[in-house]
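As recorded in TrEMBL, the features of this protein are as follows:
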type     : residues  : note
DOMAIN   : 19-94     : domain 'Cation-transporting P-type ATPase N-terminal'
TRANSMEM : 73-95     : transmembrane segment
TRANSMEM : 101-121   : transmembrane segment
TRANSMEM : 262-284   : transmembrane segment
TRANSMEM : 299-327   : transmembrane segment
TRANSMEM : 775-795   : transmembrane segment
TRANSMEM : 952-971   : transmembrane segment
TRANSMEM : 992-1014  : transmembrane segment
TRANSMEM : 1020-1041 : transmembrane segment
Amino acid sequence: MEVLASINEPQMTEENLEKLRGLGGLEQIAESLGVDIKNGLTEKQQAIMEEKFGKNMLPSPPMKGLIRLFFEAFNDTTLLVLIAAAIVSLIVGVIEDSEKGWIEGTAILMACFIVSWVTAINDYTKEKQFRALEENSRGDEEALVLRGGQPVAVKVDDLVVGDVVILKAGGGVPADGLLALGEGIKADESSLTGEPEPRLKGPGDPFLISSSTLSDLGHFPEVHMFVIGVGGQSQWGKIREKLVSEPTNTPLQDKLDYMAKVIGYIGCFFATLTLAALMAMIWVEHDSPTTSQISSGVIHAFIMAVTIVVVAIPEGLPLAVTIALAYSSRKMYEDQNLIRTLAACETMGNATTICSDKTGTLTENQMTVVAGWFAGAEADELEGVRALGAALPAEVRDLIADNVATNNSTSVLKVDKDGRPLPKPKIQGSATEGALLMLAEAWGVDPVARRAAVFDPERDCAFPFNSTKKRSTAVVVRPDGKVRLYVKGASEIILANCAAKTAAGGAAEPLTEADRRALGTRLSKMADSALRTLGVAHREFPSVGDLPEGWKDNLGDLDAEGLVLDCLVGIQDPLRGDVREAVATAQRAGVVVRMVTGDNIQTARAIARQCGILTADGIAMEGPDFRKMTPAQVDKILPKLQVLARSSPDDKYLLVTRLNGQGLPKDQASWEEAHPGLSWASDRDLVLPGYREEWVASRGEDGGHVVGVTGDGTNDAPALKAANVGLSMGITGTKVAQEASDIVILDDKFSSIVKAILWGRSVYDNIRKFLQFQLTVNVVALILVFVGAVSGLGSPLNAVMMLWVNLIMDSMGALALGTETPTPAMLDRKPYKREAALVSRPMWRNILCQSAFQLALLFGLLYGGKSMFGLEHEGNYCTVWKLTDSSTAWDSATGDKADDGDFTCADIETSYPSCVRHGGGYANTDCLDEAGLLDYEDLDEKCFSSCYTYDYTHFTIIFTTFVFCQVFNEFNARSIKDDWNVFKGLATNRMFMGIIIFTILVQVALVEGAGFLLETSHLTAAQWFSCLGLGAIALPVGLLMRFIPMQEDEGTFFDSGAAIGGDADKADA
């Protein structure tokens, strides 16, 4: 198969012909394969060819399984550090307390497990979603082939080498092949080669390339192609296999990685201080500590240090990013954006430039009659043209409709092969003729039914459009015996051939010179508006006998003289209804919209002005001029370059790489490889797209643009890969383009691209909201734990409590803040620069003010909580000790007399928080008397095994108040700016309120039902409401702190119109 495929290399016609002759030509190839070219494959031969050469399916990379994606998710530094901390915590915890020591480490490992599974499931779901789209698109593509001499419709994927495919005008070429029937055919290979002009196919060039389109079949109603290359051996398959690139971090990912490292370093610093302080406390409390005291103290100090590291490491951050991206990608799918690369969600939010195609993205991709002259009636806009259907006399309307219906080789599909309605009518054939057919339908005329009623194929005759005569003609014998010629073609030629015009009532009247001048002016006006003009006319004969002999073969000049002009129409691919607003919205958001099109400069300018892309001082230029410029010259015009016309896919690639710097040669070797035959010494500053060192030097600190680029053709793939976000079209896009892209625009609309920008900004802001929330939690927790650990009372938040704060509240916070829906106000600011700080000035104000308030409140409770709440004990207070078995101590702490003992002790109290320390005094001194001991110093430390019952009320109140502070601060975190109403938009985020309620309920359940795990005591109703009220103060504090004036630094926003490397010269192209 490789030999066959090698004879069809693009743009190598002479070499291909030489190889083809070497193989004996088409007939010899077919004979060697055992294929009859006239009849095609038999079913048996088809099976043999499939087994030998394979099917026409693109080589899809194998889909990664869920387990593999799960393990790949661990390629995250934060997760790896967290896993290491969890393992250490697990080991040390079990050593210190075999009953409950495993809880902390196990729970941290569970957090890593949850983050990885969420990431893996999201990646897996996303890939399945795209493959489902692929399957759907495959299912809609069919080809007509000869099987056993009969035309049979088969799926394009099922084509094999040796198939004889029947191709029609306007249809795509589904595989590589050789022309077996037909000549003088024109093939549009621009999607693969970038050549703007169609190539003529025949004996001198019989090679048809997959993904090309047949634009003209000459005199043939259909042509046949012999398939020689399918799947990965076809040209489009080969291109796809080359689309491999190394994944790169987005600006947000880089910032989050940096933030995680900084927070981790701060946590380690606090952990080190705490470890040192607690180690010193061992000698402060014991003048000569024993080995057991030292080992116990070291383990306790290490546990607290590890806890602080666990608190500091933002394990909720990767989860928040995953949740925000996953949620947004699902919602974006509803907005017609299929996300193929998850990070593209966020990247689109800070896009600074969109390089958009014209056809199908900015326009409807359906040629439409938008203006014209109709038998004296004129219209200058689409609605006016459609309204003429009712305004024109029936005779005039029928005259034009009969011409459109009969003098036409194009069809309009309204349903798919299964009979389901298409989203919009699909034109098969000439787009220009399709515009006339749609006009007839807008006038209430069914072209198919009208043709069936007027045109008899046995009696009448149709002459398709001839590129030499620039017209098409249908000859119809009417029921009364009269003959009418329906003619349409190039407007200036039709007008020149007319001797009369149809008047308003339907009758013909002479065409005066004044009429010609007026109609000529009308045509010029439409041409100046970039409209394609077409003339429609007719001519009548009394009978068939008035026609020349052999008229069905050759009309001569009968359709080139004496015509009656019926209408002149202006045809255009109109703008989509929402494109002006969408372009204006993107520009308001600081995003430069550039049109990159293959159309001529006049059409491109007109369309760009209509949709607001081309401004008064903007530059519009053609691709051939652009690619001749030097990198420095391009940099001067980039801020004002808004339209690139007559551009090839290579021009689009050069523009994209010059804007964002991705893919530029990094050294002399790579530059010389990209530019063979040129000199590095003399040419490197003269040819596009330049090289990395020069590009960086010209940009300074701001760096390049974040570029989104649209593409639908196979040859757009390099530009799509070079862009920061590649946007392929879901309807008109080729498979190769979709594979190369990051986002598939399912409805091909530019407005959907603007929605992607909005969702991208929402992702960026949501992650910042969560970061603001989590940094406040971490600052307060770090300082509270550190101060408590080195104070006499101990840390009010133990490791298991912090586990709840980290895993549950952070995860819930990620869900609550990561799923906020976007607001239109997000498009009222410019995109952020790549190096812009993730935490803005207003965010730092919010974090510091909230942290100061919470620390003041919590330290007040720590040192004054006993008196404030009328508590009996301070700190975690041991009320009942367990005792070891000893001849001088008790073996029961329950109040019951031991079986082998002589006395009991029900209640021994000490004010010291640790079970291994003693002193302070006992509430029941009878115990000492009964033991025969005169002083508590006579008690050996072995008497105290562990604490049996604690009073945790003091620290439980601090812990609960801390949690409620975070709950109410979560409302404040919904705003990262100066919004006064932090409750705005809650109705659109039910998950937020659900999580707030859930968090409060879990807090109550943990304190009241799982005190043995968290080391908490039951709280009274009054204490619960007090904690709730104290936490709620975070709301008015959040309001008051917004009175502190703090604006974002304007320098953090990207100025898309700024000059590059100095002031931009004013240019006009």
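Glycine too: its Cβ is placed from the backbone N, Cα and C atoms.
In the predicted structure, the domain 'Cation-transporting P-type ATPase N-terminal' (19-94) carries a mean pLDDT of 81. For the transmembrane segment (1020-1041), the most Cβ-contacting stretch among 262-284, 775-795, 952-971 is 952-971 (pairs under 8 Å). Highest Cβ pair count under 8 Å relative to the transmembrane segment (775-795), across stretches 262-284, 952-971, 992-1014: 262-284.
Taking Cβ pairs closer than 8 Å, the transmembrane segment (992-1014) reaches residues 100, 103, 798, 800-801, 804, 808-809, 812-813, 815-817, 819-820, 952, 956, 959-960, 963-964, 967, 970, 974, 986, 1024 in its own chain, all 6 or more past its ends. Secondary structure counts, DSSP: the domain 'Cation-transporting P-type ATPase N-terminal' (19-94) has 49 helix, 3 strand, 24 coil.
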